[in-house]
Amino acid sequence: MRFLIAILVLALSWVGTAQARYYDDVIASGVITIGAYKDFPPYSFEQDGVASGVDIEIGRRIAQELGVTMQVHWITPDENLEDDLRNNVWKGHYLDKDTDNPLAMKHLADVMMRVPYDREYSFKRDSLGLLINEHVVLFGPYQREKWQVAFDSKKLDRVGTVAVFQYHPIGVEIDSLPDFYMTSAFAGRMRKNTRHYPNVHQAFLAMTKGKVDAVMGMRAEVDWLLSEAENSQYQLAENGFPMMGKQQWDIGMAVKQTYRELSHAVEGVVDQLVTSGEMDKIYTSYGLRYELPGLYQEIE
Amino acid sequence: MKKFSGSFAVTALVAAMSVSGVAQAGVTDKDILQDQMTVEDVVSNGLGPRGQRYSPLDMINTDTVEDMRPVWSFSFGGEKQRGQESQPMVKDGVMYVTASYSRVFAIDTNTGDELWEYNARLPDGIMPCCDVINRGVALYGDLVIFGTLDAKLVALDAKTGKVKWKKKVADYKEGYSITAAPLVVDGKIITGVSGGEFGIVGKVEAYDAKTGKVLWSRPTVEGHMGYIWKDGKKVENGISGGKPGQTWPGDLWKSGGAATWLGGTYDPDTNLLFFGTGNPAPWNSHMRPGDNLFSSSRLAIDPDTGKIVWHFQTTPHDGWDYDGVNELISFDYKEGGKTVKAAATADRNGYMYVLNRTNGDFIRGFPFVDEITWAKGLDKNGRPLYNDEIRPGNPSASEDGKKGSVVRAVPSFLGGKNWMPMGFSQDTGLFYVPSNEWAMDIWNEPTAYKKGAAYLGAGFTITPLHDSHIGVLRAMDPKTGKEVWRYQNYAPLWGGVLATAGNLVFIGTPEGYLKGFDAKTGELKYQFNTGSGIVGSPITWKQDGEQYLSVLSGWGGAVPLWGGEVAKRVKHLNQGGSVWTFKLPKS
C-alpha cells in the first residue's frame, strides 16, 4: 500500500511539472525542467546513468540559483530547430499522448538549452510575412561555437587548407553543414573523399580505425573526442573554411513566448556565469575550449 | 491391391485438403488473387493485387446512387485523431481497418459494433516524418497483419485481436517507420519501409505470413547487398544494381534514401511485384551528380527470389523531392488486334507513364496536370528533358551566407499526385487520377539550424496555381494521354479512388464529402458530408444481397503539416476519425 501511495505521489508530481510554465509556477513547484538533446556529448548525455555535459551543468546552476531542483527533459532532435522548439518548448509533440490520462499536459521543457542565438533567425518571416518563431523567446547567449577539423598525424603532417581532402578521406555527420560543405564546395572536388557517419563520434571512431584521415564537426565535439581519446596521434587542424556561409554562431536558450519573466531570471543567472568566468570553468572541466558569445566579445 | 492403395491415397489427400480448408477458414492466396471478382469480400489493398480499385458490383449505379444512405458510422474515439488514410478490408462479416497512431479495429459490418481494438505501444521519441497515418492491413489465414510507426510488422488473431507474431523490419531509432498496407503474395507478406532524411536506405522485404520469418530482403539503392534466407540461413543474393558507385558519387549510396514508403502491387500474369521508390538523399541534388539509382523509380521484383527484374526511373537525379513511389497498376488493352500487357503510374513529377509491364519498356508518357516547369517533356525512352534553370540551387552558391536564388517549380514537391491511389475502370478503360495543381518556390536557406549547429536548409513555400481549386479528379485515357473529363475541388485531393461497374467513380474530399461521379461523363451523381475530411480510400462489397460502400473520414496527412498559401485553404477543416458505411434502402 505504501508502495502504491509512493507511486501515486510520484505520478501526481510528474503531471504537475509536465508543462512549460510561468516563473512563479516554477518557483512554487520547486522544480525546473531543462530541455537538452539526448546522447549529445559533450553538451548533454548520460554517463553511468547520471545526466552530464556542459548544458546539463549550466541547467544545474540555473536551478541552484533559482532555489529549485533540476529535472532533465531529454530531446530527440527532429529535422530542424523549428521542429525542436515546437515539440519541446511551445506546443509539444503530437505523439506525446497519455492514453490513460488524455487530459494530461504535454511534456515540455521550461527552458531549452543549446538554441542558437541569432537575431536574423529569431525574426525570420515566412512567405506571408508572419514571424516563424513567434511562439518562443530566444535569449541568453552563453557560448560561441564554430567548425573544427581533427586529423590523424600518421596520415597527414598538417591540415593547412581543406584542399588536402581532395586526396585524403574525411568523416562528417550525415545531413550536416560539414556534409554540405565537403560534398559541394569547390565544385565538389572533395566529394569523393567525404565519408558519411550517423554522428561525429562514429566518424571519429572510423578515424581511430584508419578508415578516414580526418573528421569535421563542431569545435566542442571535436575537443571532447580528442580529450577522451588521450592520444597525441590525433590533432587539431588549423585550416579555415573558405566560402562557407556560417563559420561561427552563438548558443543561447529558449522559453515559450508567454514565460518571458522566466527568461529574465534565467538570463540573470547565465550572465553571471559568463562574466564571472564560471562558464569557462564548466567548459574546461570537460576538456573544451571556451569562447565568449559575440555579445560579450563586443563588451570586452 | 496396388489400385486400392492408390485410390486410398487419393481419398486421403482429398480428405486432408478439405480438412486444411476448414482449418484455415480464413483468407487464402486464391481469395487474394481473385479478390477483384469475388464481390462478397475485400481482402487486398486496391481490391485485387493489381490495385485497380475496380469493383464489378453495379447495384449502386448512376440511376440508384442518389438513394444511397449511411447505415452506420463508427468512431475510432480517444484523443488520437489526425489523418485516416486507411482502406478497410472486409471478410465474413467483419471489417478490419487501421487508424492513426498504429491502431487496428475489427468491426461487425452489419451493426457497426466494435469486436476488438489493437493499440500498438509506440516507443518514446519516435519521429515519423509525415503524420501518424497508416494505410491499412493485410489479411492472410486467420491473421490481420499491419506495419507500425516504429517499423514493425504485427500479426493479430483475426478473431481476438491478440498478437500472434511481431517482427522488427527496421530500426525506428535510425529513422525508419512503416505506414503502407503490406501486400500478400503466395503466403508471403511483402513490405517496404518509410523514412526521412536521416540517411536511411529503402528496401523491400518478404516475410512468411504464418510465422513472421524473414525470407528475403532487397535494398533499393545501388550498391547494397540483397539477402535471401535458405533453411534459416542468411545467404547473399546479389548486389542491387551490380556494384556501388555507378550512379552515385563518393559514399553517398550508403545513405541514398529511395524509401519504399507506399508499398506495392502485384501482377499474377507476369508474377512480378511493382514497388515505387522515394527521392534520393540528401535532398540537394548538387551534392550527388548522377542518376542515383534506384531512387524515384518503379522496380519490378521477383516475389520468389527478391531479385530486381527491371526498373524504370521517372525522375533521374531528382532535385525536387518528386519521389517515385506511386502505385503501378497493371491493365491490358487492345491495340491493332493485339493485347498489350501494360501498367500505368501517375508520378509526383506531373507525368503519367504507360509501361510494358513484362520488361519495363516505356510505351508513352504525358502530363496529367495543367502545368509542368521542371521538364520540357519526355524523350522516346521516357526520360525527362530537364529545364536546367528550374533545378533548385547549389548549396555552394549560398556559401556566402545569403539566401540562394528562388526557383519556382511546378508541380510542388507534394506532387501532381501524391500517395492517393488512382483507379482503373475495366468498363471505360480510363484511369481516374486524383491530382493537385500547385507550385513551389524553393531556395537555399542559410539561416537554419539543426541540433545546435548551423545548417543549410531548404526554404520553400507551396502556392496554388488557381484561385478556384487545387484538387482535380481526372479521367485519363491511357491509350491517348487525353483527359476525358475533370472535377475541380477547392482543397487539394488526398484520398483514393474507387471505380465500379455501376458506371460510378467515388472519391472523398478534404471538405468531408464522399462524392460519386458518372464514370463516362464526370457528372456529379452523389455527395454526402462525413463531418471531417476524407483522405482514405473507399471500398465496396456485397453482403446479404445488397451492395455496401465504406470510407474513412478524418482529416490529416501531409497537407496540413505545411504552411503558406495552401494552409489557408485547409486550416478550417476539422479533425475526426470514423468509418462511414452506406447502402441503398431496401425497397
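Every residue gets a Cβ built from N, Cα and C, even glycine.
All annotation found in TrEMBL is predicted automatically rather than curated by experts.
Since we're looking at a predicted model, the values are computed, not measured.
Taken from TrEMBL, the feature signal peptide applies to B:1-25.
For B:49-362 (among others), the entry in TrEMBL reads domain 'Pyrrolo-quinoline quinone repeat'.
B:Trp419 (pyrroloquinoline quinone binding site) is surrounded by 29 other CB atoms, counting those within 10 A of its CB over all protein chains shown. The pyrroloquinoline quinone binding site feature in TrEMBL is assigned to B:Glu85, B:Arg135, B:Thr179, B:Asn418, B:Trp419.
Taken from TrEMBL, the feature disulfide bond applies to B:Cys129-B:Cys130.
Of all Cβ atoms in the protein chains displayed, 26 besides its own lie within 10 Å of the Cβ of B:Asn279 (Ca(2+) binding site). DSSP assigns B:Asn279 (Ca(2+) binding site) to coil in the three-state reduction, outside any helix or strand. The Ca(2+) binding site annotation in TrEMBL covers B:Glu197, B:Asn279, B:Asp321.
Long-range Cβ neighbours of B:Asp321 (Ca(2+) binding site) (same chain, at least 6 residues apart, Cβ-Cβ under 8 Å): B:Asn279, B:Trp283, B:Phe413. B:Asp321 (Ca(2+) binding site) carries neither a helix nor a strand DSSP state and counts as coil. Annotation source TrEMBL lists active site, proton acceptor at B:Asp321.
Mean pLDDT of the predicted structure over the domain 'Pyrrolo-quinoline quinone repeat' (B:471-539): 98. According to TrEMBL, the domain 'Pyrrolo-quinoline quinone repeat' annotation covers B:471-539 (among others).
When the C-beta distance to chain A is held to under 8 angstroms, none of the binding-site residues B:Asn279, B:Asp321, B:Asn418 remains. For the domain 'Pyrrolo-quinoline quinone repeat' (B:471-539), DSSP puts the residue distribution at 0 helix, 35 strand, 34 coil. Other than B:Glu85, B:Arg135, B:Thr179, B:Asn418, B:Trp419, the residues of this chain whose Cβ falls within 8 Å of the Cβ centroid of the pyrroloquinoline quinone site are, in sequence order, B:Ile133, B:Ala180, B:Trp261, B:Leu262, B:Met420, B:Val535, B:Gly557. As a whole number, the greatest separation of Cα atoms within the pyrroloquinoline quinone-binding residue list B:Glu85, B:Arg135, B:Thr179, B:Asn418, B:Trp419 is 14 Å. Looking only at other Cβ atoms within 10 Å, the busiest spot among the binding-site residues B:Thr179, B:Asn418 turns out to be B:Thr179. Every protein chain considered, the tally of other Cβ atoms within 10 Å of the Cβ of B:Arg135 (pyrroloquinoline quinone binding site) stands at 25.
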